[in-house]
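Chemist: Sharing a structure below in structure tokens format, with a few things to ask.
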């Protein structure tokens, strides 16, 4: 699990697979990651056509360095099987990950893993397609540790608080909004998902904030997710891309300080010392671990 591909996931942009115009805008956006949606954003009558539109977009648009993902319908639906086969057969060579919706247990992830393995062999693909998993049912949260270890294709766990709210019976005005609850109603779910992800060597990503016109609200939720160790958040509108990139990136001052601390510690270590003071901060091996987290992010994001 720890040798998985490292991908930026600061901003995951949702794009309806039924709209050629939106697919083109997604490819041209500044988001790290774009997922072409076959699930909630696509009407049942449009799903078959949307598969072909997504395949065309993956094969023909310039996605730059973005992670190219397709969100499929869940395994209990009549669409899931053909979602996987059609998209992989027509555009598997240009697909980075598949996002699995509404799993209840590890068995659902294993189903997708096995299908991908068969298709990769059949098509003789020279690259593996990764899996991203949405935790959006109470059963999935109860089984999140098992899910996180279910496949070596797994790259990240995503908190889907919209369907999760419905699954738990949470009364909320809008997706991502805590409603009248006096604290952070999603704290436990985010914390548990992040813990499970980190223990398995995966990324944890926060889900949508529906009121895209409320920049302060989006930023507040993103900061809560970041403080727990999540690496990014969904953007359901282009207005949410820039704040997500900003919040989940270490700023220039933090990167410069981390580089200074790492260099000072290395010098101290060469002298047989276990700690060194840098700008009033004691840097030892424990602090160095935090420093490296910052530097790893800076390197991944090209900062």
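Numbers run from 1 along the shown chain.
Cβ from N, Cα, C; glycine included.
Taken from TrEMBL, the feature domain 'HpcH/HpaI aldolase/citrate lyase' covers 10-238. Among the features that TrEMBL reports, substrate binding site is placed at 71, 136. TrEMBL lists 136, 163 with the feature Mg(2+) binding site.
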Chemist: Please report the distance from the Cα of residue 163 (Mg(2+) binding site) to the Cα of residue 71 (substrate binding site), rounded to the nearest angstrom.
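Modeler: Per the Cα atoms, residue 163 (Mg(2+) binding site) and residue 71 (substrate binding site) stand 15 Å apart.
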Chemist: Mind checking which of 136, 163 has the fewest other CB atoms within 10 A of its CB? They're the binding-site residues.
Modeler: 163
Chemist: Within 10 angstroms of the C-beta of residue 71 (substrate binding site), what count of other C-beta atoms is obtained when all protein chains are considered?
Modeler: 26
Chemist: Under a three-state reading of DSSP, tell me whether residue 71 (substrate binding site) is helix, strand or coil.
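Modeler: Once the DSSP labels are grouped into three classes, residue 71 (substrate binding site) ends up as strand.
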Chemist: Across the domain 'HpcH/HpaI aldolase/citrate lyase' (10-238), what does the pLDDT come to on average, as a whole number?
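Modeler: Averaged over the domain 'HpcH/HpaI aldolase/citrate lyase' (10-238), the predicted model reaches a pLDDT of 95.
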